Amino acid sequence: MALDRKRSVRDRGSVRSRGSSSASSSDPREKLKDCCRQFVAFMFTQVGVGALVVSYAIMGAFAFMAIEGESENSENNDHVAHLRSSCLSRLWNVTDHLNVLEERKWKLDVRQVLLDHQQAMALAIKGGYDGRTNQERWTFPSALMFSLSVFTMIGFGHLVPRTQWGKIATMLYAVFGIPVYVLYFMNMGQVLASCFKWFYCKLVRCVNSAGAVDELSDDMDEESYSGLVIVPSTACLWVWLTYLAVGTIMFAEWENWEYLDACYFCVTSLCKIGMGDFVPGANLQASSNQTKLIINFVYLLVGMGIIAMCYNLMKEEILVRLQELKADLIERLQDVSGRMRR
């Protein structure tokens, strides 16, 4: 009887546990929580962080297009139109008043009118006038480049928000975007460093096809062997210089820049200095040049990942060298102390 009671209690407990587990699995709130946990875990992986950065940039591009592109044309356009009509009116009045009887006086007055108009146009250009409407200025590629320059802290400065809501959106976009970029910088650097180290280990094995190094590598798995190999700083510098040379040639051919100017743009952009005096397609409206802006976006985003990769690999080499130096110093100090004891 006692055994039967225990069995019945166990059966009831198992039934209850099954019912509770099935109820929790069928609960939509639990499913939603599980989906949120899986989504957050994915977003903190290497692939998720890269997708997050690209999505954040695209979201910012559409947001700034809606805020700045759909706004009314800036006051500079209306002011320039007024300056032109005023200049024409003054020229007509001078011509109508003096006619052709006082040619010398007419030339002096016309020269003064044109000089005043030139000075007024110079002030308008300094104020941001470039002859384009807001819709032409805030295209998707231009807004995408602006978004990239905000959360990567490059800040080219060739395209800036003019409206109050645009300025508020830029501040909020930078506050939330900069941590996302830092997370991308760290994760992308680790991913590219692992890939490049794997490729470098394969290359070392191919080069050292015979000898003690190859016999040692045959007895080890891939992970153990890659842990012994340290990528030298010279290899990192060659990778960065190659990527820099590709960008220099690409922008020099596309934008008709001098090679020095193209190299100057690549270095200042990848190092996040962002002078803003050279920007690809900044003053052009053709669709091909808009496509070049998207390629420029990809080039800068990948280039910053390569810089993070070089940083991780060079940091690893420096730490190994410091450990070797520490061990060497300890060995020498022990040797000196042993001699002094003798």
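Including glycine, each Cβ sits where the backbone N, Cα and C put it.
No curator has checked TrEMBL annotations; they are predicted automatically.
From the options 138-156, 195-213, the stretch TrEMBL describes as transmembrane segment is 138-156.
Sorting each residue of the domain 'Potassium channel' (133-192) by its DSSP state yields 45 helix, 0 strand, 15 coil. Per-residue pLDDT, averaged across the domain 'Potassium channel' (133-192), gives 88. Sorting the domain 'Potassium channel' (239-314) by DSSP state (H, G, I as helix; E, B as strand; all else coil) yields 57 helix, 0 strand, 19 coil.
With a cut-off of 8 Å between Cβ atoms, the residues of this chain six or more beyond the transmembrane segment (225-246) that come close are 196-198, 200-201, 204-205, 217, 263, 266-267, 270, 303, 306-307, 309-310, 313-314, 316-317, 320.
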